[in-house]
Amino acid sequence: MSEFEESGIGEECGVFGCVAAGEWPTQLEVAKVLTLGLIALQHRGQESAGIVTCNGVNPPTYNTLKGMGLVNNAFPPENLLKLRYGNLGIGHTRYSTTGISELQNCQPFVVDTLHGKIAVAHNGELVNAAALRKKVMRHGVGLSTSSDSELITQLLALTPPMEELDAPDWVARIKNLMHETPTSYSLLVMYTDVIYAIRDPYGNRPLSIGRLVPISKLHTADTEGWVVSSESCSFQSIGAKYYREVMPGEIVQLSKHGVKSLSIVPRPEGDLPAFCIFEYVYFARPDSIFEGQMVYTVRQRCGRQLAIEAPTEADVVSTVPESATPAALGYAQQSGLPYVEVLCKNRYVGRTFIQPNTRLRQLGVAKKFGALTDNFTGKRVVLVDDSIVRGNTISPIIKLLKEAGATEVHIRVASPPIRFPCYMGINIPTKEELIANRPEFENIAGYIGATSVRYLSVEGLLSAVQGGIPSLQGKDERINTNASRRVGHCTACLTGKYPPKGFQTMYLFYASIHSKNSYCYPKRA
């Protein structure tokens, strides 16, 4: 149970889409594929889930199923039957940032436009949402929720100035949205017989494409359909093969005919991409692939780099189960120390960070660990964790280990100290609550009862993440651009340097009005 879990730091949501290939009506059970895909993304949100399917004919029929709680609870088998005629669909699993857990905020959202209905699912946070809400309302459009996703849906419904009345240009509408707000979002937009997969120009939120293959022919070139997901970890559970990522700023069309890159909206000249580095550190499942590398491998490299930067004399290396395990293994490999388990976790406690209500979170954070004393009694232990956010979680664990016989407990943290709030989709405690900004940080080892404490540096984290990314030069025929792909990561919560550069004043304004709230975060979901 890492401090990310107990401190309420969490990802906002996960999105998933599926289009059946070939002739329609399809034999592929699209609704079941969507359900399994969302289950694989459950770690990104456990409050509510929703699915919208479409038959893809003209005029199209949209069917919606939404529910509170886990995916399995939100979609009873008997309710899925009403979605069985869908040839394509999108889904969403939600973690709210405001603590408002209501069905009306559950995605995907479906709205009527001049040219028919669209359905939208969104992961992220619009950095200029307040100004955009005013713009939409000036057009006479009312908003029924506090969600950025409804705002995006209404912005897409607005007709671009150059669009003909009888010919919807969805690419133009999407581009118009992307010019209105630079970050942070990964979007799925379903219209009649296609799904548009969109990633903001800074690529802050992840989005990957997979190819569904027949279960009996996993190594065949046959294609049963196409899927798109916040994380590629969902592909294996539905019999899909990883195809590629949606690039920053890219608009991709998925249809029964295949995958087509339609356009890439550029960033301002000189700006690098800003993929959230904490997807690697904690949020993503370790078997997901970002930027051509597996998250598990990156976490191992973080552990190796940590051992280089912060060695110590010890007897064994271990971890706080379970997200820091790859980093602990990397630390052990680099240092030459044996890796052992020192804690046994009650695996039925659950991921407590996902509960938005503070009281519920505190009740769910029972320190349900058992000490595996035979592995460390009389020994010096290096305990690797992925974070120390407030310092509340690690201190009782150190006490447990010392009382059980550890002679020394050296804490090594596989990420830098978190010092700043996030305004792009991650729930982070207030700046004042973060241990790195409090006086206790000067003697954090004494404060939490450890023998020593060292963090991975920002430079070390960037080196570990970027050191394994394959060459990004050259043209990919599947992507509609001739430009070389550049690499860059958002480290704003570590450094205070937010993308895009032109929004620094706005971030300072957010910080001033939210510094006394329970979370340093613009209130949207």
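These residue numbers are counts, starting from 1, taken along the chain as shown.
Here the Cβ of each residue, glycine as well, is placed from N, Cα and C on the backbone.
Look at TrEMBL and you will find Cys13 tagged as active site, nucleophile. Taking Cβ-Cβ distances under 8 Å and a sequence separation of 6 or more, the neighbours of Cys13 (active site, nucleophile) in its chain are Arg44, Gly45, His92, Thr93, Arg94, Tyr95, Gln107, His122, Asn123, Ser230.
On the 0 to 100 pLDDT scale, the domain 'Glutamine amidotransferase type-2' (13-257) averages 90 in this prediction. Under the heading domain 'Glutamine amidotransferase type-2', TrEMBL lists 13-257.
Residues or ranges marked as [4Fe-4S] cluster binding site by TrEMBL: Cys276, Cys422, Cys490, Cys493. Taking the Cβ of Cys490 ([4Fe-4S] cluster binding site) as centre and 10 Å as the limit, one finds 26 other Cβ atoms among all the protein chains shown.
Per TrEMBL, Mg(2+) binding site is recorded for Ser323, Asp385, Asp386. Just so you know, the Cβ of Asp385 (Mg(2+) binding site) picks up 24 other Cβ atoms within 10 Å once every protein chain is counted.
The two recorded residues, Cys493 ([4Fe-4S] cluster binding site) and Asp386 (Mg(2+) binding site), have Cα atoms 15 Å apart. With a cut-off of 8 Å between CB atoms and residues at least 6 apart in sequence, the same chain places Ser184, Asn204, Arg205, Pro206, Phe283, Met424, Gly425, Ile426, His489, Cys490 near Cys276 ([4Fe-4S] cluster binding site), listed in sequence order. Rounded to a whole number, the distance between the Cα atoms of Cys422 ([4Fe-4S] cluster binding site) and Asp386 (Mg(2+) binding site) is 18 Å.
Counting in whole angstrom, Cys422 ([4Fe-4S] cluster binding site) lies 21 from Ser323 (Mg(2+) binding site) by their C-alpha atoms. If you draw a 10 Å sphere around the CB of Cys493 ([4Fe-4S] cluster binding site), it holds 25 other CB atoms from the protein chains shown.
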